[in-house]
């Protein structure tokens, strides 16, 4: 028999406290939180209402015009007595299917609920992984999101990758989302004259220039995207390439050319970011006034809209205004599905305005490479943890990126320090980990992805074995009263899931918001997120612990649950006796039941 809880708002019930916007600038540890009291009413179902009037009586004296509420005999929830025959007919005759990721389905069949990975994996697609077979290998290996870096490649090349990923989803049963990364207006190197890379050796002199070349450029010469580069830089400045992967010292300026001595050798990649330091401080000069979204970026964004990408990651975000401007543009021009906007936190401005940027965005990326070129290296770990915590508090997915397994670009096994770095990001409960050069141009992209997957699974299992249920309070974020109810339902569902040791949380959601609220709580069990649209299903594939399904459903939870149980049991993903908690953004309810 199920136990069902639904929420009403009687006049004596205190309202949730909403955290004022001004509080977002305070450290999380200094904020006090207030819990919404939850009363469990056994074997009873109460409709949610936004009215402030007392809830109706629950005894037999209720109005005779109201349909009687009964517990369903198969233990799957409450159903009106005059609707039971309709529900039975619907369940019996409904033959529509359910869509789930092929790899996840296999994991559930073979190893059960606890085998599923909670941390999501993102792969940057490049020359090493752009073929259909290579993309399929990544999807089989656990790739949840394919990232396209618009710093590299032509739009035609990116279009081909997008269509290959879409074909992979349609033909092979995956739900790989697509993220497009804008180049941004910061200083970048050119394309290295068509070469895939170049090696800078210690003691070599290289020329960085703003000149354009009609023919082949001289040896060891690199073009720079910023016209004011030669004017802003001074002799003695330190030039960092790609967040410090290669370092130069400025030794001479000759007109538009800047001669630099290589002091830390390394690999130079096309379109790599450039920063320069003077007396231990980052030199910003006029490049600080460059727009966040360049004219090229707007053309790339139009391309992304036309191709129907799922996310657009914005580089070098300085303020929330940029995010809001882009979201308005997308809302006016995107066709059908909503495109999520991810803010890349990779500059001093991003950290200064962190809370307002994350609040405005649909997620954030900790771009540690470029961030480490703008703040001292020893501050990067603390910055990462702060960004992850703020994203979690504000219910925004967070991606930890850059140099996770950098050595695997050239070597088949990672360093032990890299494994420890990955495990720390998993312990921080980040939503996703991202490969960059490891998958785009590395020699071992599949092995790098395998390392991310296996380390994530092991650390997550260790967390559960140690019963490290989190006691960190989460601030209230709902603005409307309905949102506050949904938030408390999800908080309660996650806590109940941990305390009762349930096998899975089922979330029926049209927009994906309620699934994200459950994910925010990081319950021990997997979260089955059922949604009606393919685009929402793909976007949910970025968030921690969510297994997104596409399923047509109604506002009748009895019908939805019976249909879901039937379909999942027929495919071997659940079995009779499994304990499940179900929540819905249609009825704002919690139901606890065993699979019949």
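Each residue, glycine too, has its Cβ placed from N, Cα and C.
Feature annotation (Swiss-Prot): of 47-83, 84-120, the stretch labelled region 'Disordered' is 47-83. The binding-site residues listed here are 181, 346, 370; among them, 346 has the most other Cβ atoms within 10 Å of its own Cβ.
Separating the Cα atoms of residue 152 (ATP binding site) and residue 182 (K(+) binding site) is a whole-number distance of 10 Å. Residue density at residue 149 (K(+) binding site): 21 other Cβ atoms are found within 10 A of its Cβ, drawing on all protein chains shown. In sequence order, 122, 123, 124, 125, 179, 180, 181, 313, 434 are the residues of the chain that are 6 or more apart from residue 147 (substrate binding site) and have a CB within less than 8 Å of its CB.
Looking only at the binding-site residues 150, 151, the densest Cβ neighbourhood within 10 Å occurs at 150. For residue 182 (K(+) binding site), other Cβ atoms within 10 Å of its Cβ number 24. Of all the binding-site residues given, namely 152, 344, the one with the smallest number of surrounding CB atoms inside 10 A is 152.
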